[in-house]
Amino acid sequence: MANFIVTIDGPSGSGKSTICKMLAKNDGFIHIDTGKIYRSIAYLLGETFSQDKLNKLKLDFKLQDSQILLVANGKILNDLLSSEYIAKKASLIAQKEFVRSFVNDFARKIAYNGKFVIDGRDAGSLIFTNAQLKFFLTAKTEERAKRRSIELSINYKESLDSIIQRDKQDSERKVSPLVVPKGAIKIDSSNLAIEEVYSLIKSYL
């Protein structure tokens, strides 16, 4: 089976993961969430993070119901990675080039054969530059903060502060900053329901 790759990049809270899950559920895609790979590294290595420990990390994956499950020491990690603490830690370690290289190689290893939708910050600009379709989702900062506060059950102010901080880190990091990938279709979802965004993306498939 030949590869068919769709990438969806964008800042935190723009709806990337939700759209990817819908495409996986309804349209036969396998969803790779690169953010979860960063989070798994943050979860497993915590405050003792180093390149040497990353090189020794035994991170694996398995496919279940069109979803990639991340596995370490026989334990599935996916449901352990949603806290705001892990998100902040992952955002910090993602600034290191050797971490991004590890994640990029890991994602490519997963998507070697099949129909995949990949979301992240540089899925289309760096990891899968030859993807058949590239999208860039964005939305106003306040709208993204509102979505994240609902998703994580945190107050709006905390969510807004986190979004602003992560946007700054994403745009200013020296290694692979957040950019609109070359050839990507840009969608502003500020005033769109998630079903409308899904239908719009579906129209390009």
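From the backbone N, Cα and C atoms, a Cβ is placed for every residue, glycine too.
For 6-201, the entry in TrEMBL reads domain 'Cytidylate kinase'. Per-residue confidence over the domain 'Cytidylate kinase' (6-201) averages out at a pLDDT of 92.
Long-range neighbours of Thr18 (ATP binding site) (same chain, six or more residues apart, CB within less than 8 Å of its CB): Ile194. Annotation source TrEMBL lists ATP binding site at Gly10, Pro11, Ser12, Gly13, Ser14, Gly15, Lys16, Ser17, Thr18.
In the shown protein chains, 27 other C-beta atoms lie within 10 A of the C-beta of Gly10 (ATP binding site). Summary of the ATP site environment: with the site residues Gly10, Pro11, Ser12, Gly13, Ser14, Gly15, Lys16, Ser17, Thr18 set aside, the chain residues having Cβ atoms within 8 Å of the Cβ mean position are Asp119, Leu137, Ala139, Arg144, Arg147.
In the structure as shown, the Cβ atom of Ser12 (ATP binding site) sits within 10 Å of 24 other Cβ atoms.
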